[in-house]
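Here is what TrEMBL says about this protein:
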type	residues	note
DOMAIN	491-613	domain 'HD'
DOMAIN	742-821	domain 'ACT'
DOMAIN	861-939	domain 'ACT'
REGION	1-364	region 'Uridylyltransferase'
């Protein structure tokens with residue numbers, strides 16, 4: 001039991017209970033519940049005030065624990081009185097124990113409350129059952145009525161030991177068992193028996209399982225402290241990392257406390273203080289999240305971070321600066337927990353010297369010299385670890401602080417525990433002199449040239465603080481929150497994640513990687529891309545805006561310091577400045593248009609730069625978030641790469657000749673295939689009535705499909721009445737290879753066709769990824785849409801195609817407004833997926849519209865960035881139509897609830913569009929549309 005008199009706050013809670021909880025066995029259940037609710041409400045409000053006043057996370061969590069303890073104590077006493085009135089004295093002693101976080105006295109406002117009813121080793125079920133029923137009715141049911149999330153179990157002492165043997169999660173929960181109320185003698189018996197069990201258990205097996213569990217959990221929750229939306233409890237560096245070392249200490253040392261770890265020399269006193277501060281900070285953050293949530297939640301979502309930061313005392317008016325200051329403190333504390341917990345896990349699990357001997361530097365060295373390990377440059381190499389021969393190893397030669405990482409990489413080693421500590425104590429010696437040291441820079445370049453195995457070494461350098469000291473410009477982006485909705489990591493970890501993706505490319509580890517590996521092998525220096533990736537985002541230290549330009553300024557002195565020659569510096573800086581361009585081109589422009597590829601090739605300049613940028617773009621996207629890359633994007637990326645490569649390979653006249661040859665080759669192939677029911681003059685007409693670019697990116701099968709669809713349309717016209725002639729021809733095909741559905745529509749070109757097509761697809765419940773349209777000279781148009789199911793992938797629901805066809809005919813033939821049907825579909829999806837405005841967790845992005853003439857592409861372009869919602873595309877397309885424009889090409893992209901849409905528009909009737917002022921009304925209309933978060937508001 002916790003001493004509730006040791007703190008004035010705790011005393012207040014008990015005094016409040018004495019005033020507010022006066023129920024007896026005769027009190028009606030309704031009145032008892034009213035008293036309990038009022039007690040909980042008032043105490044919760046008081047704790048919230050203490051929290052807002054600045055009380056630490058540990059104190060508030062402990063106060064809430066006491067609040068629940070007292071509630072259970074009153075219920076328990078009442079339950080025993082009811083039992084004794086009905087049955088007489090209980091047949092057996094009983095105790096109620098708190099487990100897990102409740103046992104640790106660390107209850108946050110929405111934490112689970114785990115309890116165990118404990119009984120003696122030998123009981124008779126028929127005698128015990130009435131007691132259990134009364135305890136359940138009088139304790140558990142009232143707590144459930146209070147909407148407390150309570151987990152419970154009933155065990156004898158023997159059963160508790162048996163379950164602990166079978167399940168380590170139970171074992172850990174019981175390590176933190178604490179008596180709430182009941183028989184102290186029974187609790188003491190349990191504690192003594194259980195302690196004897198786990199102290200005699202196989203410590204090595206327990207430690208091995210703990211390390212495996214820790215590794216699996218960390219991987220599951222993102223593998224990094226520096227996620228943009230970390231999980232406070234289970235994430236890397238979260239509360240669970242701290243708790244794990246106490247479990248391991250309890251089993252290994254017999255007492256799970258930081259004081260014991262200090263006493264046994266597993267931990268220094270200063271480290272203990274840092275751990276407590278960090279843990280208290282995380283608990284305070286978790287308390288704030290819980291106080292403002294209706295259900296348990298431990299994730300620091302992007303949209304919640306500004307409010308949490310403000311409540312915790314970060315009062316910067318600029319929202320980005322406020323979040324940045326708060327999250328940097330979070331990362332600092334979480335990283336401290338992670339680094340120290342990892343160190344302690346290894347010490348507790350792998351020590352062969354035993355805690356009583358401590359970890360003196362000389363004792364470790366002496367024990368290792370028995371094995372006569374290989375000596376190298378002041379270090380000792382064993383089969384798995386690198387250690388130092390002398391505690392002055394870095395004082396003698398500071399460049400060893402860089403070389404040690406090269407040895408770790410070369411020999412596939414880990415630094416031993418004492419080398420890690422020694423490095424952290426010596427890191428201040430990495431100064432300007434060492435940064436400019438030729439030998440140190442040569443070693444660092446060698447690290448970056450080890451294809452397929454760079455990430456682990458750089459990660460170790462980063463975690464130890466060496467990377468940010470040796471490359472201080474990298475230190476400037478460490479813990480830097482990226483205010484971009486699609487980023488999952490901070491800027492430093494994003495960079496390292498990109499390098500991990502490049503390792504995978506060199507190892508050809510993954511579906512997409514072989515072709516990127518082959519592209520790199522054709523460059524002069526394939527491994528140069530490691531350095532490019534390392535410096536590509538350093539410009540973000542001055543802000544996200546213009547970070548590509550700023551990156552050139554930041555990167556150039558680093559490259560000179562590292563000894564990179566002028567030729568390679570030029571390549572690196574060109575890619576840094578343009579590292580977003582390739583994705584921007586295929587995300588926003590029609591890559592089937594030869595002008596697009598030619599313009600992009602002009603920016604890149606040469607084949608080596610193109611190949612580096614091609615692979616860089618893949619690594620950058622895949623290293624941002626795994627969900628950002630898919631087969632559809634990969635196909636667009638490769639198409640632009642091939643087209644640009646062809647432009648760099650050939651002169652313009654040669655390219656025109658090659659395109660004509662391709663068109664002739666496809667024509668001959670189609671003629672030779674003798675299409676049933678299709679006359680040669682129809683094939684000739686198709687080839688004569690379409691622009692040459694149509695034949696560049698459509699193969700024979702695509703063109704045959706289109707010819708057949710045109711044939712069907714013309715046949716319908718000759719056989720149907722005037723209304724029937726307007727019925728479009730639709731082909732709906734699932735492309736399993738690309739993981740999407742391709743919808744082709746052939747019909748007569750008419751004003752507003754695109755918005756009606758988009759509306760019909762929206763009603764059908766599919767998401768549009770991209771679309772392209774091309775018109776023959778006889779006004780027959782071929783529209784192609786690439787769509788996916790709401791949860792991604794091909795559209796498996798057969799009703800979707802029927803729905804699309806029906807609504808398209810209504811819109812085209814009878815001019816039916818599809819907005820009511822879209823609203824109905826939105827309501828259906830909201831009900832199905834629970835996607836209401838109040839419970840959506842997404843990162844809001846600033847709405848932005850650009851409408852402009854792109855002279856280099858000879859196009860008028862509309863670009864829209866906004867929070868996505870069902871019906872948005874329909875509204876945008878309708879607005880474009882209302883203002884007198886048709887959409888010839890559209891690239892539709894949705895990332896984490898954000899719409900990023902690009903349209904090529906053309907006037908529906910002759911007008912002077914060279915004046916940008918004519919586009920202002922259209923821009924204003926679109927701005928009004930995207931200013932609303934839901935289409936109902938705009939409707």
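From the backbone N, Cα and C atoms, a Cβ is placed for every residue, glycine too.
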Over the region 'Uridylyltransferase' (1-364) the mean pLDDT stands at 92
Which numbers of helix, strand and coil residues does DSSP report for the domain 'ACT' (861-939)?
-> 30 helix, 28 strand, 21 coil
What DSSP reports for the domain 'HD' (491-613) is 93 helix, 0 strand, 30 coil
Can you tell me how the residues of the domain 'ACT' (742-821) break down into helix, strand and coil by DSSP?
-> 31 helix, 25 strand, 24 coil
